[in-house]
Amino acid sequence: MNKITFFSRFEADIVSGKKTITIRDKSESHFQVGQKLCVFTNETDRLFAHIQVISVTPIHFEQLNEKHAQQENMSLEQLKQVIKEIYPNDNDFFVIEFELI
């Protein structure tokens, strides 16, 4: 099973099912619909969940909306701030929708 990492601050939202998407840059756009992934913390490389990819959709930063924020379990303002912190020089991303398995 392939691997994906998340910052540990997102772990509780992922395991509770409150976070159902992740927004990644092109370097992490290779995931495929139906693919099962082991989920690890970025900081300590600790396995904490398994997910299955539901969809992978390209998106421009300005297209992010309240639905994406809800799926990330945060406000739209928070979402845009987090994305810019992680990817300060990018505007083109991929929304990876997933479910816990």
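Glycine residues also receive a Cβ, built from the backbone N, Cα and C atoms like all the rest.
Please treat TrEMBL annotations as automatic predictions, because they have not gone through curation.
The active site, proton acceptor annotation in TrEMBL covers LYS19. Under the three-state DSSP scheme, LYS19 (active site, proton acceptor) falls in the coil class.
Residues or ranges marked as active site, nucleophile by TrEMBL: THR22.
According to DSSP, GLU72 (active site, proton donor) is assigned to coil rather than to any helix or strand. Annotation comment: TrEMBL describes GLU72 as active site, proton donor.
Per-residue confidence over the domain 'ASCH' (4-101) averages out at a pLDDT of 97. Per TrEMBL, the feature domain 'ASCH' maps to 4-101.
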